[in-house]
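Swiss-Prot has this to say about the protein:
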- 104-125: repeat 'LRR 3' (REPEAT)
- CYS277-CYS286: disulfide bond (DISULFID)
- 559-580: repeat 'LRR 13' (REPEAT)
- 664-714: domain 'LRRCT 3' (DOMAIN)
- CYS668-CYS691: disulfide bond (DISULFID)
- CYS863-CYS886: disulfide bond (DISULFID)
- CYS961-CYS972: disulfide bond (DISULFID)
- CYS966-CYS984: disulfide bond (DISULFID)
- CYS1047-CYS1062: disulfide bond (DISULFID)
- CYS1085-CYS1100: disulfide bond (DISULFID)
- CYS1102-CYS1111: disulfide bond (DISULFID)
- CYS1125-CYS1136: disulfide bond (DISULFID)
- CYS1438-CYS1447: disulfide bond (DISULFID)
- CYS1453-CYS1492: disulfide bond (DISULFID)
- CYS1471-CYS1506: disulfide bond (DISULFID)
Amino acid sequence: MRGVGWQMLSLSLGLVLAILNKVAPQACPAQCSCSGSTVDCHGLALRSVPRNIPRNTERLDLNGNNITRITKTDFAGLRHLRVLQLMENKISTIERGAFQDLKELERLRLNRNHLQLFPELLFLGTAKLYRLDLSENQIQAIPRKAFRGAVDIKNLQLDYNQISCIEDGAFRALRDLEVLTLNNNNITRLSVASFNHMPKLRTFRLHSNNLYCDCHLAWLSDWLRQRPRVGLYTQCMGPSHLRGHNVAEVQKREFVCSGHQSFMAPSCSVLHCPAACTCSNNIVDCRGKGLTEIPTNLPETITEIRLEQNTIKVIPPGAFSPYKKLRRIDLSNNQISELAPDAFQGLRSLNSLVLYGNKITELPKSLFEGLFSLQLLLLNANKINCLRVDAFQDLHNLNLLSLYDNKLQTIAKGTFSPLRAIQTMHLAQNPFICDCHLKWLADYLHTNPIETSGARCTSPRRLANKRIGQIKSKKFRCSAKEQYFIPGTEDYRSKLSGDCFADLACPEKCRCEGTTVDCSNQKLNKIPEHIPQYTAELRLNNNEFTVLEATGIFKKLPQLRKINFSNNKITDIEEGAFEGASGVNEILLTSNRLENVQHKMFKGLESLKTLMLRSNRITCVGNDSFIGLSSVRLLSLYDNQITTVAPGAFDTLHSLSTLNLLANPFNCNCYLAWLGEWLRKKRIVTGNPRCQKPYFLKEIPIQDVAIQDFTCDDGNDDNSCSPLSRCPTECTCLDTVVRCSNKGLKVLPKGIPRDVTELYLDGNQFTLVPKELSNYKHLTLIDLSNNRISTLSNQSFSNMTQLLTLILSYNRLRCIPPRTFDGLKSLRLLSLHGNDISVVPEGAFNDLSALSHLAIGANPLYCDCNMQWLSDWVKSEYKEPGIARCAGPGEMADKLLLTTPSKKFTCQGPVDVNILAKCNPCLSNPCKNDGTCNSDPVDFYRCTCPYGFKGQDCDVPIHACISNPCKHGGTCHLKEGEEDGFWCICADGFEGENCEVNVDDCEDNDCENNSTCVDGINNYTCLCPPEYTGELCEEKLDFCAQDLNPCQHDSKCILTPKGFKCDCTPGYVGEHCDIDFDDCQDNKCKNGAHCTDAVNGYTCICPEGYSGLFCEFSPPMVLPRTSPCDNFDCQNGAQCIVRINEPICQCLPGYQGEKCEKLVSVNFINKESYLQIPSAKVRPQTNITLQIATDEDSGILLYKGDKDHIAVELYRGRVRASYDTGSHPASAIYSVETINDGNFHIVELLALDQSLSLSVDGGNPKIITNLSKQSTLNFDSPLYVGGMPGKSNVASLRQAPGQNGTSFHGCIRNLYINSELQDFQKVPMQTGILPGCEPCHKKVCAHGTCQPSSQAGFTCECQEGWMGPLCDQRTNDPCLGNKCVHGTCLPINAFSYSCKCLEGHGGVLCDEEEDLFNPCQAIKCKHGKCRLSGLGQPYCECSSGYTGDSCDREISCRGERIRDYYQKQQGYAACQTTKKVSRLECRGGCAGGQCCGPLRSKRRKYSFECTDGSSFVDEVEKVVKCGCTRCVS
């Protein structure tokens, strides 16, 4: 019975507890807000899903955080959850089963994350899910069972991913699908049954993919035509002839496959192995692939993964946990700075973990927990500054531990105790502090001599650089004299090092010394997040703080005692800003912009003793200003604007001993009467605060004023502490709504309440968005319409996280900076209507996730490809009502932003500089006279003028001589007393007021013999008649003298009174007998013969069968009979023809002989080709002659022998012959002539015993005589022509110094060996050798590569986009036959074009005349072009070498520094230097007939890289000095 009673009691207690649990409200997760069944945790920077989410939650908002991983326990038990928001996180991994408990889930948003893949059967338990958003991730493939179980999905969004593969049947379960978006992916093919089972599909997007329209995609065309309202703008991207065609418009016969292809379902290899990696034998190799994160699609059976030499920074939670069989992980040489504590959880088989060469500073707690099999752990070359005492507690089998080259100063005792199997340890290159806390390590290393790297002490000085294992343990001591690095904190930090409390890292931009953290003078506007916990003094003075926010930062600083906020711009302190700062006893807020003081500002400062509020803008001290500051002893309010102090203002300051109220404009009226008596009683005030009002009490100490004189008579009843002053005088206020419309305001009025929610500033004269607006965090509406705002900044609306409505319409906005609207995640309405905006940069609205209405009409939008994103953005949820229209370019004018197809937004040529200048006004070069242009938020742009000029555009000289009014080198002098007066002293040869007149020196000249005088500058020149010469034309010429005789072709020169005449030889005419008279003009050739001119005669070339001097004899009549060719056998494809009754063979290129039986010329087109001549052909005395043609610089021509050899090759365009008869080094000779010009050259080689003779084109021979020893040349070896085999026994040439060993590339013909013409058909021939010679000359193929051919001489392999025999015709050029009348054709794509009209013409075909005013018509630029400034003003942009308003002045000779690649042609390849070369270009003019040119240059060697993959080193001549020198014709 007793047992039954206890059972009943236990059952009753269980029921009671269950009921209490059901009734009691569940706790809300920390930082989140809960209302009913809704839990809101958005925008909290969470890195993981919070714990303890109430089980009854129906809606969970986790968007806008930093979550990286979803585990299968995160949402366990949430069986009532219907809506889950996970967008805008950093999720890269979702464990299988993560959503298995979410049986009621209806909507799931995972868009804007980092997902690359997701596991199959992920949604198996979510049968009620009807909306799933996976857009804007990095998903690469869709597995076959991706959506298995989620049969009720109606809306599935997969757009803007990287999907390239969809496994067959992936969508088979989604029979009720209504909306499917697959646009903007990398899809190339889809299986035929992909969408057939979706009868309810009403929205389907597939555009912006890489669809390949071959026979396997023909089904999609029919499918789309049957459903004309879905799949709009779906286009082919291949093959090339269908690129850009709508799939639905392509006919079935056009979907063709090349060859016999059979469709194979897309093989989604990326699902089983990362795209950048290789997978085999359970090993995944991702070394050096540029990865930035751990791949998620790894095979579950892997045993080893290699991730070294990438740029991975973070190891997320559970990164390797799914791969239970892992034995080795290599993460070395990355940039890892963050490791999740459970990154390696569950890897019980892991025996090697390599983490060296990263940026790890701390090992998280439990990082190596459960790694019982680990034997090798490499942590060297990191920045580890602390080891927890239990860091290695489970590593019982570890053999080798490397902590070499880190930042360890101490190690807690017991850290290495669990390492029972340790054999080797590396601790060197750490800054160890060898005090008493490290004594244990010395004892440990004495007992276990396993440290092999030589770990040494860094401090104290007496132990510096000594090996820890060799120091006696008694030397490790702590004393008051030995405090290192941070005085007073060493011992404290060392003791806690086992818990990694010694947070040594100093915040970025700050300086840490002792317990002081100095972050002053760094332009900070927020308190750094990671401040060391040992901080006692925090210096934040001289920064850019405007509001002190309640971030809870001081809760983490238990040692903090002093904070310095002086010299900032602080206007407000949020309630709770100092929460947790209970130990702080001194705060400096001197020189800020505080206007009032409230007790909530200082909440949490229970121990504060000193409060400095000097030099602020405080106007009132209320009786609640200092509540809670009972410990304050010193309070300074010096130099503020205090006029009133409320009675009892200092009563709560029980410990106050010093109060400074000096330098304040106190109004001694009735409201201040109490203060005089209080000052007399307390006697704690520094100095004597004085009255400033009323006038009769000015400068009277307050404590000396009689009580009856503190009156509010004569209207002096101002009270700065009155609550009525909470509304500016220019505005009207109702609750939290402030209206300041149409008040002519230029700055924000003072006194706007901090809790204002709606602020109306429309109809004023603001030119900028007031910076002070960022202080009003509760604003939900701002109206700044109808002002003069011309620019916005990236900080214009910072801190306005609650803003719902922003109206900026009817201003002068020209540019939207990319980050102007960052942080406005609650904004629902944005009005930019009626401005001058042309372009909105992509990403400008990224944070406007809640925006439902955008007004951007009445703006001159320039709708090219840079605005396509905005069109897509407004179309996505119809956020723009269809008012905004495009103003250009071209055909886009007047098109609606909302309805115009995205493909119409294209870029066609350069954008007008006036449009670009809206966001960068300096592009239009508005600053004249070398002024420097800078953007300015108020004046749009501002010019910094050089000396001598002023004005907005630096176009106004400060005095008359600045603009050099004296021409032609005249000297300008100012007239005293006249601002614009000047006079000129002219250079010789000029006169006039501005030296503009060149004196006519021909008025008194000495030119003789009727010569013509030509005026110069201070001189003149005589132009002589033909028969005279000399400076003054005083000498008569003898034209018939031998050195002057102009008569050509042996004609006779005869002197005449007027000069000379030529008596021509027969056949020549002309003044100088230089013209060969065309005797064919009156020829007697008959029967269609061709006349060929000759000197003093002509020749008739007769048609076939005709003969005679004038081809007058007809061919004899031939009776039908058998052709002579019938029995004449032409060889090698030659054609037999009959000529004069005789059969003749017309040989193909390369062949000759009576029957074309010999192959005598060949073309080497392969770098590995060669001919092999039998050894019997070559004897000790041999004469070899051949003809070659090439434009290459190098290549083997002839080679015979093994180690001792005769070799003839091309070397830098010359013929190089070497003869190695056994002496070393081998002798060599070079031809004087270069032969790589593409023409044929004769090379003759004569070998006689131990001498070798070389001759080119019949020139003087070069001879080698090598008599050092008897020749060992092997005459039994063959003779190789044009190359040689790459075997070791004939590789001496390839290895010889100065020789390249590459095969010949070009033509060889008429090879004679000992006067015997060689037939190449009879010798072994490699592939890549063609009969006939037609060498490829440079640039014969305009846009392609020349390849020799035996049939046509050569063929051109054209580049993409070009066609024709010489690659000089464009393919699919829509501009061929265009109809542009007064304009230029610009191709849009392969099928259409647009016309860019000339000035004064318009219309689609530029066939309409326009009468447009062009400001550039008013000025003429002599040596330059007219441009428009940012304000629309015309100016001249001068060509190089000229200056002046009209570009009419030539700049004197000077060298202009340029830095660019140096280019040259090398054979068939274009080559350029591997780096840019700095050199001078000489520009400008010179006087005295000289030219501007180089005076000094130098030669330097540079490396060149060529388009064919080759490289070489060559010299380049660089100009280093320019000046005036003799002109070179």
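Every residue, even glycine, has its Cβ placed from backbone N, Cα and C.
Predicted, not measured: the structure shown is a model, and the values here were computed from it.
Feature annotations (Swiss-Prot) mapped to structure.
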| residue | record | CB count, 10 Å |
| --- | --- | --- |
| CYS277 | disulfide bond | 19 |
| CYS668 | disulfide bond | 26 |
| CYS886 | disulfide bond | 25 |
| CYS1047 | disulfide bond | 23 |
| CYS1085 | disulfide bond | 20 |
| CYS1102 | disulfide bond | 20 |
| CYS1111 | disulfide bond | 21 |
| CYS1136 | disulfide bond | 18 |
| CYS1471 | disulfide bond | 22 |
| CYS1492 | disulfide bond | 21 |
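Rounded to the nearest whole angstrom, the C-alpha distance between CYS277 (disulfide bond) and CYS1506 (disulfide bond) is 31. Cβ neighbour count for CYS863 (disulfide bond) (all protein chains, 10 Å cutoff from its Cβ): 28. Of all the disulfide-bonded residues in the record (CYS668, CYS1102, CYS1438, CYS1492), the one with the smallest CA separation from CYS1085 (disulfide bond) is CYS1102. Within 10 Å of CYS1100 (disulfide bond), as judged by C-alpha distances, the disulfide-bonded residues found are CYS1111; the full candidate list was CYS1062, CYS1111, CYS1471, CYS1506. Straight-line distance linking the Cα atoms of CYS1447 (disulfide bond) and CYS972 (disulfide bond), rounded to a whole number, equals 20 Å. Across the structure, CYS961 (disulfide bond) and CYS1047 (disulfide bond) are spaced 59 Å apart at their Cα atoms. The disulfide-bonded residues recorded for this entry are CYS286, CYS1111, CYS1125, and the Cα of CYS286 lies nearest to that of CYS966 (disulfide bond). Mean pLDDT, taken over the repeat 'LRR 13' (559-580), works out to 92 on the 0 to 100 scale. Residue counts for the repeat 'LRR 3' (104-125) under DSSP, helix first, then strand, then coil, are 0 helix, 3 strand, 19 coil. The Cβ of CYS1125 (disulfide bond) has CYS1136, ILE1137, VAL1138, PRO1143 as same-chain neighbours under 8 Å, each 6 or more residues away in sequence. CYS1102 (disulfide bond) sits 69 Å from CYS863 (disulfide bond), counting Cα to Cα. Here the domain 'LRRCT 3' (664-714) is broken down by DSSP into helix, strand and coil counts: 22 helix, 8 strand, 21 coil. Secondary structure by DSSP for the repeat 'LRR 13' (559-580): 0 helix, 5 strand, 17 coil. A distance of 79 Å separates the Cα atom of CYS691 (disulfide bond) from that of CYS286 (disulfide bond).
A helical conformation is recorded for CYS1125 (disulfide bond) in the three-state DSSP classification.
Among the disulfide-bonded residues listed (CYS863, CYS984, CYS1111, CYS1506), CYS1111 has its Cα nearest to the Cα of CYS1062 (disulfide bond). For CYS1111 (disulfide bond), the nearest of the disulfide-bonded residues by C-alpha distance turns out to be CYS1047; the candidates were CYS286, CYS1047, CYS1438. The disulfide-bonded residues recorded for this entry are CYS668, CYS863, CYS1438, CYS1453, CYS1492, and the Cα of CYS1492 lies nearest to that of CYS1506 (disulfide bond). In terms of Cα spacing, the disulfide-bonded residues CYS286, CYS972, CYS1453, CYS1471 that come within 10 Å of CYS984 (disulfide bond) are CYS972.
CYS886 (disulfide bond) and CYS1438 (disulfide bond) have their C-alpha atoms 34 Å apart, to the nearest angstrom.
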